[in-house]
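To keep things clear, I will list the structure first and then write my remarks on it.
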Amino acid sequence: MSDRRYLTGEPDISDAGCFASSGETELLGVINLFGMDGPDGRDGESFHSPSPIPGVDGRRGGDATPAVPGESAGSAHVLLQYANNDRESGRFVFATELSARRQHQTLSDTASIGDQGYLFIDAHGGKGGNGGRGGDGGPGSVGKRGRDATRFSSGTNGGDGGHGGNAGEPTDGANGGDGGDVALTLSAQDLGLLMLVKGNLTAGDVGFAGEPGQGGQGGPGGRGGSSYSWTETESYTDSQGNRQTRTVFHSNPGGRDGRSGSDGAPSFYRAKDGFPGNIGTLRIIVIGANGRQTQYDSPYDLELVGFDVASEYSILEPDSLVSIDRIEIRNCGGMPTPPNYTVRVLLDSDRWLLREGDDLFLQQSLAPGESYIFENDGLRLRLADYVVDGPRRQWFRLHHDINPQARLESGINRPFRQFPNSQSVLVQFPVVIEAMTCLNSLAPGETTRVIWSVKNVGEETFDQKYLYRAVQSHLSLLDGDLDRSHIVFFDTNQKEHDLLQSDFRLPIGELRPGQSQIIETRIGVRDHDDIIAYQGFEFGVDLDLQRPKSSAAADQYRRVDCRSEMIRVSERYQRQVESRFLLIANEKTTTNDIDKWTQLADYFGSSLDVWDVSYYGFLDLMRRVANDQSLLQQWAGMTVIIPNNYYETPIGRTFALQQLAKTQFLKAAADHDINFYIVGDSRSGGEAALAASLIPVGEHNTPKTQQTRREFLRAVDRWNDYVARSQEVVGGVTGKAQEIADVSLGSVHEFDIQERTMLFQPKHKWLEQEAIKLQRKLTKEDPLHRWIVVHRYDTGDTDTSWGFFRRRQVGTLEARRTLDSSKGSAVLFEVDEIDAIDDDFINSQANKHGILLALRFQDKVDRFIRLVSERTFPRFSETYIDRPLTDEEVQQIGSELVETILNDLYNEQKTARECRIWGRWNVRALMPKLNYLAERSLNYGVTHQQMLDNEACMKLLFELVANLRYMALKSRTVWDLGVFPTAYFKRSRAVSNHMIQRTDRIITNLFGTEPSWWDKITGSGDDYDPFGNSRKRSPDGIERKVADEEIGRREKLLWLDKVPVENYASAQNHPGLTYDPELLSESQRVLSGKQFDALVAAERQAQQQRNETERAIHQERSDLLVPLRTAIAVEETQTSTSVATPTN
């Protein structure tokens, strides 16, 4: 098959043609004629300082000096000839008469022709100099100051400021120099030597105009003299005849300030760019055999006009023949090609084009503009062989350039540079696998239909008959960690086929051009107890095509396409009582991942349950999934781990967090105390997505229980009192709390806002300020909880025209509760995809740290207590056997727990301090976590012997208490000190005092109280002598003494090191970690109705997308899933009648 390709239009003959070159890297010689660049003009002198004499005008800026034009290139006459007039010598001589820079020279040199390099003649014109910049005018000096008034004279006016100096004038850019004049003389028999000469005849570039100067600034006027005032005492006689004195005030006025001087004028002249020089000229003088001279303006040159591509088949496929025919060339130069030199047209071999035939040769002269077509000859090629070596996402397609070249032979060996003009051809196979469909997640006892289509994209028919090329497809097992004996396969006739014995092969008959053939088989997993969940296997479908008939292996098949699919054994969800972690898996989750997450769960003393979102198609926490319970109910108070990597669904890519509704996320965190640990792909939204998830966008409203903002705030206050009395770590919602105030997440408290105004209707900005005020009030009175306030400007049916003291409808405010401000319900760990799939990532210290941060505060404290009291922590590597940990292990694990506990307490005390409420009361209600730590956790006694035997554990306790005391004292400001009376009413001081009291209680609970001197000498025991000195190594009360000393020593070190209190938030400041208390600042919690409605609409669209994804997954499973029992039943009842292949 042939395809004609035209590559060029009309001939493009330049002045110097292929002689023109900006420079060469390989040189046979150099002739320099170039002109020098012209110097730039000097900038005018600028003045920046005013005169010290008052009222003096600034100096005029200096004028720039003119620029110098670029120098024109010289001229040269070059005689070219072979050395000793012998073409076989391989050398040539260039004799040059040149005139440059007012000098005349005659040079001669000889060079070897070789295979590369050129004689280069540099004759470009020099660049014109740039114009100079006009000088800036000097500033005027300040005016003379006026004389001050005295008792006897008035003040004088200040003098006028000096005028600014005018700017100097710039100069024009200079013209560029002309290119040189070059003459090449050679014999008509030696025209091939022109291919060895290149040159640069370009004109010199323009000089750019100078910039204008700026006028000087006018001087300020002098200050007027100051006024003068004085008093005099005089005596007088009043109406009663008594002598009195009185004071009389006198003053003389000062002077006015002088006028400022005017600014100087900028440059008046607008400088211009110079002009480029003239392009140089080339003359080629050819001396004929009879001595007659012929002159040309440019050398000969060849260009490729077009060619035909003839192939063995309609599609250019690997290992087939290709011929480049009817190659048309044209002389695009200014003189005939030499008749006594041979032009060679060739195509170099590369990775995909293999030259098999001979090159083409032109042995005749072409006049300028004349074309020549190789009618009977072509370039014979073979496309390189290619065998698909592995599974592909799409069929093989290669765009490759065909790029013929031309060279002048006969000892010159130089290419025609204008000749190459590559054009691309498409290389592919004529049959492809067009589509492949199957399920990627199967439970034991399930099979999936495997459907793929083979399409003929060429123009020949394929069949298993003689004279046709044959096509076959086969299916085989590739890789995987699932025991292959558990894999079951059924062929196109629903008969079981053992893939362990042989691959399944299917010959394809009579596949016409454009036709597709659909093939359907079935593969699945047997129902066996030995199957390990999340193991999988990979199978491949290959397409084999017989090689082209011209190939040396024409009777053999080769693989031309290949697809593969990975099927993973899913685990049906089962709730284990001992599990405190739920992992959200997807189709990308592997057995190795499950093992690593299980190890991590065991590290924290728990089992691991798994919910496979790819298998079930949804992540709905409120849907009942087992034992008539929802995931929300089953996982209350525990942790959900969400690997947030992308995975495929029938309608596109998604990630797990996108499948979880925001309302469910917030309800789980706020009302069911579920913590979320999200290990996110850094491309899936990150911190912004988590912040958006914290805004409650539920569209359901609860009935109004309060009519006004004041009633609502009172109800919130009563609810907080209830929570404080119940001693909950966070404000969970209980039945009794609901009776006090409807504050569950999702509740909407809406208030109509009306205002009586004097004249006009309030604007929306006024309503926004009211929303900000309500937000600040909630932050003050309810600091442990965060509320989203939405303002909607709506005047309703009220009259908005002006009027006196009308009560006007302004709009509504809505209050919606979101996650608590300091609880910490969600932790996001953003990592790059390459890091997330690393084998060591799941059990890395960074990931463990993220899990620790995501645990409930109660769980962190309970694990800490178990560590320091029992020295145990379950470890996966020891098969769930608890053993005493080494001191190093206790220190490592304990330090992480102490860091995260202090992080939570830091957030809590920071919230309590920033609530901006005066008063010492109700501090206890603001710090439930610290109360839990002091009253319900660290409340057991420690003996002195236990302290000696468990030194590593005691260090952790001392570190925790010392840092709590330091945090309490370091967080105080100078205004909290007792020297200020207001400090006793400051909330910040009260928070610090409460923290000190709680830490003292912890110390007392653990180590008791140290007996006083009186208790020592009057006690009934014999621990102390009558003077209060200890008689024993461990007397009564020694525990408290040692603890106070150790805690005091650690606290002193913290003060000496000046540790910033912000360092206690370092646990949440690890790279990539985002803790939800860091998000949603007070200003971000006020939204307009338009902004909130946009979030609601986005969530509604996301919910629609979730529904579509679930439907698509269920529809795909309905179409492709076949239980293994059904497949076996079909096999047992089938007859000899073949099963029809579906056509769609």
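Positions of Cβ are set from backbone N, Cα and C atoms, glycine also.
What TrEMBL records for this protein:
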REGION    39-71  region 'Disordered'
REGION    124-180  region 'Disordered'
COMPBIAS  126-143  compositional bias 'Gly residues'
COMPBIAS  156-167  compositional bias 'Gly residues'
REGION    208-270  region 'Disordered'
COMPBIAS  210-225  compositional bias 'Gly residues'
COMPBIAS  226-239  compositional bias 'Low complexity'
COMPBIAS  240-250  compositional bias 'Polar residues'
DOMAIN    302-429  domain 'DUF7932'
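Sequence-distant contacts of the compositional bias 'Gly residues' (126-143) (same chain, at least 6 residues past either end, Cβ-Cβ under 8 Å): 34-73, 158-177, 204-222, 258-261, 264-265, 267, 269, 271, 274, 277. Beyond the compositional bias 'Gly residues' (156-167), the same-chain residues lying 6 or more positions past its ends with a Cβ under 8 Å from any Cβ of the stretch are 47, 50-51, 54-61, 134-147, 212-225, 255-267. DSSP places the residues of the domain 'DUF7932' (302-429) in helix, strand and coil in these numbers: 0 helix, 59 strand, 69 coil. The predicted model assigns the domain 'DUF7932' (302-429) a mean pLDDT of 91. Counting only same-chain residues 6+ beyond the ends of the region 'Disordered' (39-71), those with a CB under 8 A from a CB of the stretch are 101, 125-145, 159-177, 204-205, 207, 210, 213, 216-217, 219, 222, 258, 261, 264, 274, 277. For the compositional bias 'Low complexity' (226-239), residue counts in helix, strand and coil come to 0 helix, 10 strand, 4 coil, using DSSP.
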